[in-house]
Amino acid sequence: MMEQYKGVQLGELSPHVFAVADASYRAMLNDSMSQSILVSGESGAGKTETTKLIMRYLTYVGGRAVLDDRSVEQQVLESNPLLEAFGNAKTVRNDNSSRFGKFVEIQFDKSGRISGAAIRTYLLERSRVVQITDPERNFHCFYQLCASGKDAELYKLGHASTFHYLNQSKTYELEGINNEDEYWKTKRAMDIVGISRSDQDAIFRTLAAILHLGNIEFSPGKDSDSSKIKDSTSNFHLQMTATLLMCDPDLLVSSLCTRSIHTNEGIIIKELDCAAAAANRDALSKTIYARLFDWLVENINKSIGQDVDSKAQIGVLDIYGFESFKHNSFEQFCINFANEKLQQHFNEHVFKMEQEEYKSEKINWSYIEFIDNQDMLDLIEKHQCTDDV
């Protein structure tokens with residue numbers, strides 16, 4: 001199907017994402033100018049799948065005749081399932097919802113062949129690591145690891161239902177998806193993008209450590225407003241976390257149950273109650289996962305390689321769509337604000353600038369009404385408005 005859209009003028013064939021991708025590719029070649037494709041829409045509208053189709057088409061028209069598993073084109077494509085495993089999750093509206101924004105820059109040489117690529121990510125939904133609601137799920141990679149058989153046994157993992165970070169929702173499986181099969185697909189994608197077996201082990205050890213960390217519970221300590229590890233079960237998960245992260249168990253307990261306050265006179269160690277210790281535990285889990293995700297993206301970029309001498313690029317932006325949940329966090333605010341900015345960009349170029357040009361050229365047309373969201377953006381962005389607060 002991709003072949004029939006190759007080199008065809010936009011609008012000659014039925015509307016398709018391949019037509020948009022081809023028009024962008026031809027414009028880049030003919031005008032020697034970089035292009036951008038913004039994929040927007042509500043949550044669950046199909047943005048991520050559309051982005052993957054665009055990337056497939058660009059690697060088709062800009063690829064080489066003979067590909068191997070480690071070619072730039074193949075690495076670009078295999079970065080998709082890998083980032084989906086670590087950055088996507090089931091939500092109310094979508095079984096494979098992107099929980100991060102992604103900008104993929106595909107670089108081309110003067111003949112229009114792909115010569116490199118770079119991936120930038122934004123707004124990873126870190127809170128999902130520690131808190132989910134039914135029927136949503138945590139990130140796919142956790143369920144894949146729990147279903148991985150011998151690998152799961154190696155890290156002392158059981159069924160997903162035995163972990164606090166996963167059993168807040170009773171949804172452990174996705175229709176038509178086998179978690180164990182997906183685990184091996186993720187491992188294969190890691191092989192193709194050049195992540196070594198030792199680094200793969202470190203990645204899955206870190207995921208297992210996060211799951212064990214989430215199962216550490218606290219009980220009141222001897223002093224008021226203090227806490228300690230609750231029982232032998234929690235102590236087992238503490239020891240496993242320390243082993244997997246290669247850190248001292250006593251130092252880990254100290255980092256969870258106390259807080260260091262730096263003053264001019266020195267360091268004050270403050271005991272934390274059970275609620276504060278649990279909050280510390282969750283904050284550590286979110287930080288570890290976010291850094292793991294950033295490391296993964298960085299290593300994918302190193303493996304694919306950027307072409308500093310590329311003549312032009314095509315950038316594809318895929319961010320989450322508008323969201324409105326029963327309980328909305330600051331992350332939803334940031335997501336929706338980014339979408340409002342995209343909507344304003346669309347309004348500006350499709351409605352405002354176009355109709356101003358009609359006016360200046362005295363073209364007879366019926367004015368097209370549209371909802372202008374500039375007031376909303378001003379409320380958030382302007383001095384002494386929401387962002388300032």
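Note: Cβ is positioned from N, Cα and C throughout, glycine not excepted.
Nobody curates TrEMBL annotations by hand; they come from automatic prediction.
Residues or ranges marked as ATP binding site in TrEMBL: G41, E42, S43, G44, A45, G46, K47, T48. Listed in sequence order, E84, N88, N96, S97, S98, D318 are the same-chain residues at least 6 apart in sequence whose CB falls under 8 Å from the CB of T48 (ATP binding site).
Positions annotated as domain 'Myosin motor' by TrEMBL: 1-389.
Those residues of the chain, other than G41, E42, S43, G44, A45, G46, K47, T48, with a C-beta within 8 angstroms of the mean position of the ATP site C-beta atoms are N94, G321. Mean predicted confidence for the domain 'Myosin motor' (1-389): the pLDDT average there is 93.
The number of other CB atoms found within 10 A of the CB of E42 (ATP binding site), across every protein chain shown, is 15.
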